[in-house]
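Student: Relevant sequence annotations retrieved from TrEMBL are reproduced here:
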type: TRANSMEM; residues: A:20-43; note: transmembrane segment
type: TRANSMEM; residues: A:80-102; note: transmembrane segment
type: TRANSMEM; residues: A:114-135; note: transmembrane segment
type: TRANSMEM; residues: A:147-168; note: transmembrane segment
type: TRANSMEM; residues: A:188-207; note: transmembrane segment
type: TRANSMEM; residues: A:239-258; note: transmembrane segment
type: TRANSMEM; residues: A:264-282; note: transmembrane segment
type: TRANSMEM; residues: A:294-319; note: transmembrane segment
Amino acid sequence: MDDPTSMTDSPITTVAPGWAIVALGILGALAVTAAVLDGALAARARGGPGGKMGGPVRPFGEAARLMRQRRRTTVEADRLLWRIGGAGLLVTAALMVTVVPLGEWTIFDLDVGVMWFNAMDVMVWALVWLTGWGANSAHSLVGGYRFLAHGLGYELPLMFALVAPAIAAETLNVGAVAAAQEGLWFAVWMPVAFLVYLLGVAAFSVWGPFAPAIGTDVSGGARAELSGVDRLVFEAGRYALLAAGAAFAVPMFLGGGAGPLLPGWAWVLVKTVALLAVLVWLRRRLPAFRPDKFMEVGWMLLLPAVLLQDLVVAVIAVWRS
Amino acid sequence: MLTDIAFWGIGLVAVLGGAAVFYVDSMARATYALALSFVAVGMQVLFLQQNYVGVVTILMMVMEMAIMAVYMVMFMGMNPALMPMSMVHSNKTAIAVALTTFLALATGILMVDWPTRRGSPPPDVTMALGESLMGPKMLVMAVISPVMVATIVAGVVLAAHRTRYDRFGDDLKQRPADDPQPGGVGR
């Protein structure tokens, strides 16, 4: 038995595990940025700052309020599974960014980093459902199942969207995928895969069009009974997932740290923040996908489209080699 | 040393998670105890340098358990899945079968002469595993997969009580189709 983190011929330096704290800090800062931006956009949509704690400072006001709130309890709640579900989103987001290289450094230079990310985003299926299940409340359970209904529709297109850069780069190592985009970003010549990937990011963050799982029409869905710190951690997890998804798109589709003047790590952050801003902004621009109808959209439109994209990429990859 | 402890620790989690499936009294807990057990197995496979196989095991098993949660509520009559319930039945037979199997396998392990290692692991163990599993049988595998998919589709078609005449009318001209569950793309 050797070290599980086997090295490959990737152009990336693995940093000491202690740097994971810094990675967590960056992820946290990105999540807060997303929340601040969302607060500002919410205030603009309402046409005013919306009270004392509205606008860009809303996330801080919410955090302070939730930390002081007494925890709501429900009868016969499955507390263990409930807590695992609520806290797991944040952990999953942290595990996702371990394989994302910041310029030339990474924490976990796994040779199958793309699969790792994919495995982590599948974790969200379990976690959101567990959050819905644990509370032993009808609305909450409905929310959990709504998420699974969306999941059945978005997951396969997302998987095949991740396949396209991997085929073109002929590797599953995230750093090597980024390095394979010398000159032309994958987002430019595989736009369908890129768009479907972004849709997938919104989906596993229970964000925007995929928010019916936590919709107000089922009084908050999966998070209906979450209160106090539990709710804070759940919401932080959603923003962190959105940030992790945006960060992973940078090496996969946006050339990693490539760019003029600035060093690689700065470009990764700039691109991540830009993409994150787009995702946050899209929340109020797209209609909700109905969970009962999205399955067919996923399988009849997205899946064939992204499979065609994979075919085109594969033909180009074979022709180039 | 540290890796050895981690490997055996994860092995313990896998076994205990598997045992918990039969000990807990809720379908949700049983399902996710099984998921935990499989995640631990996937991590052990990572320790064996089979990175791809390990990560795919984690991915597939977590997804499968989430799907199981859907079936759990869909197909269990009167929804015992939502209530506390025992995860075991036919206890006496099960104990007898389990003990016999365990004793047979344990005897086999103790009786048989263990082979000594020949050669050394190849640099890419995943590739080597794939070749030794599939290598000369690739054609068979490639033929079997579409046959299996066709079997699944045929099975579902035969099992469904609604036919195309129910969907499209007697002359198959009715559009959009008359479905109890409307689709998302307006067919």
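From the backbone N, Cα and C atoms, a Cβ is placed for every residue, glycine too.
TrEMBL: automatically predicted annotations, no manual curation.
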Student: Spell out yes or no: are there three or more C-beta pairs under 8 angstroms between the transmembrane segment (A:147-168) and the transmembrane segment (A:20-43), with each pair 6 or more apart in sequence?
Tutor: no
Student: How about long-range neighbours of the transmembrane segment (A:80-102): same chain, 6 or more residues beyond its ends, C-beta under 8 Å?
Tutor: 12, 20, 23-24, 26-27, 31, 108-110, 113, 116-117, 120-121, 123-124, 126-135, 174-175, 178, 226, 230-231, 233-234, 236-238, 240-241, 243-245, 247-248, 250-251, 256-257, 264-265, 268-269
Student: Count the CB pairs under 8 A between the transmembrane segment (A:294-319) and each of A:20-43, A:188-207, A:239-258, A:264-282, then give me the winner.
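Tutor: Result: A:188-207.
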Student: Which range out of A:20-43, A:239-258, A:264-282 gives the transmembrane segment (A:188-207) the most CB pairs under 8 Å?
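Tutor: By Cβ pairs under 8 Å, A:239-258 leads among A:20-43, A:239-258, A:264-282.
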Student: Under an 8 Å Cβ to Cβ limit, what residues of the same chain, 6 or more beyond the ends of the transmembrane segment (A:239-258), are close to it?
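Tutor: Those are 27-28, 30-35, 38, 89-90, 92-94, 96-97, 99-104, 114, 117, 121, 124, 162, 165, 174-175, 177-179, 181-182, 185-187, 190, 193-194, 197-198, 200-202, 204-205, 207, 264-265, 267-268, 271-273, 275-276, 279-280, in sequence order.
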